[in-house]
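This report concerns only the one structure given below.
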Amino acid sequence: MSPYTLSMLMSSLAVGTTTTLLSYHWFLAWMGLEINTLAIVPLMTKMHHPRATESATKYFLTQATASALILFSTIMNAWVTGEWTIIDMNHYTSTTILTIALAIKLGIAPFHLWLPDVLQGLNMMTCLILSTWQKLAPMALLILTSHQLNTNLLAVMALMSMVVGGWGGLNQTQTRKIMAYSSIAHLGWMTMIVSFAPNLALLNLLVYIILTSSMFMTLMTMSATNMNKLSASWLKTPTLAALTMIVLMALGGLPPTSGFLPKWLILQEMTKQHLNILSITMAMSALLSLFFYLRLSYAISMTSPPHISNSNLSWRKKNNLQIIPMMIVLSTMMMPMTPTLLVMN
C-alpha cells in the first residue's frame, strides 16, 4: 500500500474517533463511527488474500448493521422526546436498541461471533488497531449513556461475554483467535461495571489497551500466529519470550501485574453494591481466561518446537517496534498507582 494512502487512512481513523469523542449531537457521533468503519476496511483488504476480503466483508456488514441501529434508536428518541443530544436518551425502546447496537459494535456476547473470524483473516497490525483503537469510540458512547441504558440487559450481556470469552479461547491454537476471545472477556468486565462506576470502566479500558497492545507487538516481533511458532520464540528472542509470559499473566489478572488492578477494583465495587453472587461468577469466569493464558505461557517456556536449529546463532529479524519495552513496563508495574486511584475514586 502506498505511504500516502496509508497516511490518509490512518488520519481518517483518528478523525473518526476524535469526532465521536468530541460530539454532543447524535448525528455527529454516528458520522464519526461511519468514518471509522470506512477507514479501516481498506486496511483490512491490503493483504490481497481471500481470508482478508472475507474478514473485511463480515466486518463491514456487522458495523453497518450496528450503525443503522444507532441511527434508528436516536431518530426514535428524537421523535418521542425532541432531543438529539447524547446525554438525553430517555425513551426506553431507544435505549434498549442503542444498548444492542453498541454491543454489536464492540463485539460483546451474544453479538460476538464476528470478532474471532474477522481477526483471524487479518495481519497483526490491523488486528492491533481493531482490538484497541476501534473500541474507543463505541466505548465512549457506552460510558456517556451508561446512566440511561438498561442495567439488567448490560449485566446479562457482560456475564455472557466473560463466560464465552473464557470458554471460547480454551481450545484455540491460533494466537489471533485467542486474543479475540480475550478481548470479548475484557469487554464483559467493562460492560458489567459501566452502569455502577463509569470511571472504573474507563480505567479497565486503558489497562486493556496497554496489555493488548503489548501482546500484539510481541506477537508481531516473534511472527507467532499459532502456538507452534510461539513455542519456537525462545530460540530467537529469549528475553522477549520471558517478558511475554509476564504480559500473559497480566492479561489473566494475576497480582502484582497491572491486569489485577481493574479486576480488583471492579469486584470491590460490585460487592459494595451487594451483588455478591454476580461477583463470585465474575471471579470464576476469570479463571477460564487465565487457563488459556497459562497454556500459552506453557507453550513458550516448557515445550520445544519439532525442528530445533543446530546452529548456535539463529537468524534474527531486526525489531522496529521500539515502543515494546515501555508497553511491557506499563503492563506489569501499574499496581503502585492503586492508592492514588482509590483516592481519586
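Using the three backbone atoms N, Cα and C, a Cβ is placed for every residue, glycine included.
TrEMBL annotations: computationally assigned, not manually curated.
Copied over from TrEMBL:
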DOMAIN    23-288  domain 'NADH:quinone oxidoreductase/Mrp antiporter transmembrane'
TRANSMEM  26-47  transmembrane segment
TRANSMEM  59-80  transmembrane segment
TRANSMEM  92-115  transmembrane segment
TRANSMEM  153-171  transmembrane segment
TRANSMEM  203-222  transmembrane segment
TRANSMEM  234-254  transmembrane segment
TRANSMEM  274-294  transmembrane segment
DOMAIN    290-341  domain 'NADH dehydrogenase subunit 2 C-terminal'
TRANSMEM  323-344  transmembrane segment
Please figure out which one of 26-47, 92-115, 203-222, 274-294 racks up the most CB pairs under 8 Å against the transmembrane segment (59-80). 92-115
Same-chain residues at least 6 beyond the ends of the transmembrane segment (274-294) with CB under 8 Å of its CB atoms are 155, 159, 162-163, 165-167, 169-170, 172, 178, 181-182, 185, 188-189, 192, 248-249, 251-254, 263, 266-267
Restricting to CB pairs under 8 Å, which listed stretch, 92-115, 203-222, 234-254, is in contact most with the transmembrane segment (323-344)? 203-222
Within the domain 'NADH dehydrogenase subunit 2 C-terminal' (290-341), what mean pLDDT does the predicted structure show? 71
Chain residues in Cβ proximity to the transmembrane segment (203-222) (below 8 Å; excluding those fewer than six residues from its ends, i.e. six or more beyond): 124-125, 127-128, 131-132, 135-136, 139, 175, 179, 182-183, 186, 189-190, 193, 229-230, 233, 236-237, 240-241, 243-244, 247-248, 250-251, 258-259, 261-262, 265-266, 317, 319, 321, 323-324, 327-328, 330-331, 334, 341
